[in-house]
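Positions annotated as transmembrane segment by TrEMBL: 25-52, 72-89, 101-118, 130-151, 163-183, 195-212.
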Amino acid sequence: MPDETHARPANGNAGAPRTYRERPWLLIAFGGIGVAGCAALIVGTLIAQIVVPDHDWIADTISDLAAGRWEIIMDVALYGFAAGLLATARAASHAHMGKGGWSVGVASLASLVTIIGARNEYGDSDRDGVVIHMYLVYAMGAFFLLTCAVMQSGLRASGHGTAGWTLIALGAAWAVMCPVFLLSATSVDGLLERILGVIACGIVLVPSVVFIQRGLACVKEL
């Protein structure tokens, strides 16, 4: 593990002992998977909205898309997003850009993978399991906000100022939209859930792009 007492430079390897150097292709691969996971969630949701009959994207939630005949579409989309989260967490643990806060962020990302991967139903009137809304509002809400709060400083200190401030903005938007979603009327909760989904993708995309950039910068030094 790299020395956490100093921020790591933007290229990841400048002045670092050989054993601490970041593996560029590892970062590029994991960063790419993170981006692909976000794309899977967005594209899967759009496709499901098209093929599911009588779906109202403003009033009906993503959970409604994941129940019934076409549930496989959202299964693939959500598991793809979980894979993206896992890859982002793995890249963050390799390119460690902070002290204890960054480690908490890695654990938070890993926890989100568990939450998404372990879900067993989506609000389809089956009360034997835990519906996805409970995960979304409580666990996902807390862990995505925590990720933004603890990882932004490491990004800024490591030369990724724009990414750090973007993560702060996304965290603020997430903090505002979560209670709005909780208190919203059912006639608009589908729209609000989709807005939260876009913000969640943004939270994953920001570090994923940073890891790709760091990997490419390291490749140029080889």
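Each residue, glycine too, has its Cβ placed from N, Cα and C.
Of the candidate ranges 25-52, 72-89, 101-118, 163-183, 25-52 has the most C-beta pairs within less than 8 angstroms of the transmembrane segment (195-212).
Same-chain residues lying 6 or more positions outside the transmembrane segment (72-89) and placing a CB less than 8 Å from one of its CB atoms are 29-31, 33-41, 43-45, 47-48, 51, 62, 65-66, 106, 109-110, 112-113, 116-117, 119, 122, 201, 204, 207-208, 211. Within its own chain, the transmembrane segment (25-52) has Cβ neighbours under 8 Å at 12, 62, 64-66, 68, 70, 73-74, 76-78, 80-85, 87-88, 90-91, 94-95, 194, 197-198, 201, 204-205, 207-212, 214-216, 218-219, counting only residues six or more beyond its boundaries. Beyond its flanks by at least six residues, the transmembrane segment (101-118) meets 4, 78-79, 81-82, 85-86, 88-89, 92-93, 135, 139-140, 143-144, 146-147, 150-151, 153-154 of its own chain at Cβ-Cβ distances under 8 Å. Through the fold, the transmembrane segment (163-183) approaches residues 137, 141, 144-145, 147-149, 151-156, 189, 192-193, 195-196, 199-200, 202-203, 206-207, 209-210 of its own chain, all at least 6 residues removed from its boundaries and within a Cβ separation under 8 Å.
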